Amino acid sequence: MTPAIRVGATGFGLIAVCYGFARFAFGLFLPQMRADLEFSSTLAGGISGGAFAAYCVAIIISARLSERFGPRAVAVCAAVIAAAGLFGIALCSSSAWLAFFVILAGTSTGLASPPMADAVSHAVAPARRDLTNTIINAGTSAGVGLSGPFALALGDDWRLVFMIFAGTASALGMAAFVALPAAKTGGARTRGQGLPRLNPNLARLIAAAFLMGTASTALWSFGGEIAQARLDWSTGRIGMLWIAIGTAGIVGASAGWLTTRLGINTVHRIFLVALSASIAITGLSFTTPRLTLIGGALFGAAYVMLTGVYLVWGTKTLPNRPGTGLMVGFLTIAVGQTAGAPLFGLLMSQISLQTAVVVFAGLGLAPRLFLFRPAADSKIACRKRFG
């Protein structure tokens, strides 16, 4: 087995568990959790925002730990924390304990991504790195898509589902220990550097990723609530929406190839329109079961493609620190999600679901204002301006 396949397959599985199960399955099972544990949509938004905030802290720590201790140790740690959080969700007896374990599980997602970027940089040939990174990133879709059949098969027994998820996370931890390189990828040149210096490309990445992350919480955190409110769907039928999101999200594995062929900015703009349209199609009052599934599929493809775009954007901006380059984009997505989840919940409860959907669909278009500029273009522009 080649290093690209070994690292890519392990990373794909780890991201599927940490993102699809530990982070985003909460939105799928939220209606039944609220019914069983009796808490408000505002609190639900707060819990979801707390999980995203934990991700923000974890991804900063993870990038530094991966540079210092190597990707294997950090990836295994991510799987262990995911398993602990998922197991706790399965056993929680109150909304307070649910919040604690959802936030703990959310921490695993922040830990998982930077070591995978470093593992790819260490083990995979340069020509295959963008493709391998975006294939790993598409693991989110597999995890989301697989959580849907569990909802269909087990219905309202969300505790059993999360117990199964916890076992799967444990298995991925063992796989990461066997398959990933232990070597440090940063070496002496990255020690003590801390966070990277802000440059124009990073500033534009931060702005775009923040706005996209904010908009995405409409479906990641409240997709189940929206489907229940608009269509009176049960948890089992909401699982169909998650299957649509996850299955279509596999398209995002082609982000590395597409950005090479069409350019980062073209792919970015096309899929921001798709993201905005998906939120409107799924959430506005005219939606139907068929439109909801179409909107979910469009959302899955757009979200995973856009995260792949930001991954490539970050690693090209900081080529000597790929884990940190990924961290900047993914951290900012999560900061946006931390702000977006409580805001959507507040708009939905205090004004209306229709208003919340319109606002967030509009936010999905805003990142089109920000462009990636290759380093060579920036140098030419500087020479023209100051030469």
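Numbers here mean position along the shown chain, with the first residue as 1.
Any Cβ shown, glycine's included, is placed from N, Cα and C.
Listed features, source TrEMBL:
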- 1-379: domain 'Major facilitator superfamily (MFS) profile' (DOMAIN)
- 12-30: transmembrane segment (TRANSMEM)
- 42-61: transmembrane segment (TRANSMEM)
- 73-91: transmembrane segment (TRANSMEM)
- 160-180: transmembrane segment (TRANSMEM)
- 201-220: transmembrane segment (TRANSMEM)
- 240-258: transmembrane segment (TRANSMEM)
- 270-287: transmembrane segment (TRANSMEM)
- 293-313: transmembrane segment (TRANSMEM)
- 325-345: transmembrane segment (TRANSMEM)
- 351-371: transmembrane segment (TRANSMEM)
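Same-chain residues lying 6 or more positions outside the transmembrane segment (351-371) and placing a CB less than 8 Å from one of its CB atoms are 204-205, 207-209, 211-212, 214-218, 222, 226, 229-230, 265, 268-269, 272-273, 275-277, 279-280, 283-285, 340, 344. Within the same chain, the transmembrane segment (160-180) stays apart from the transmembrane segment (325-345): fewer than three Cβ pairs sit under 8 Å, each pair at least 6 residues apart. The stretch in closest packing with the transmembrane segment (42-61), judged by the count of Cβ pairs under 8 Å and taken from 12-30, 201-220, 240-258, 293-313, 325-345, is 325-345. With respect to Cβ pairs under 8 Å, the transmembrane segment (293-313) is most closely packed against 240-258, considering the stretches 12-30, 201-220, 240-258, 325-345.
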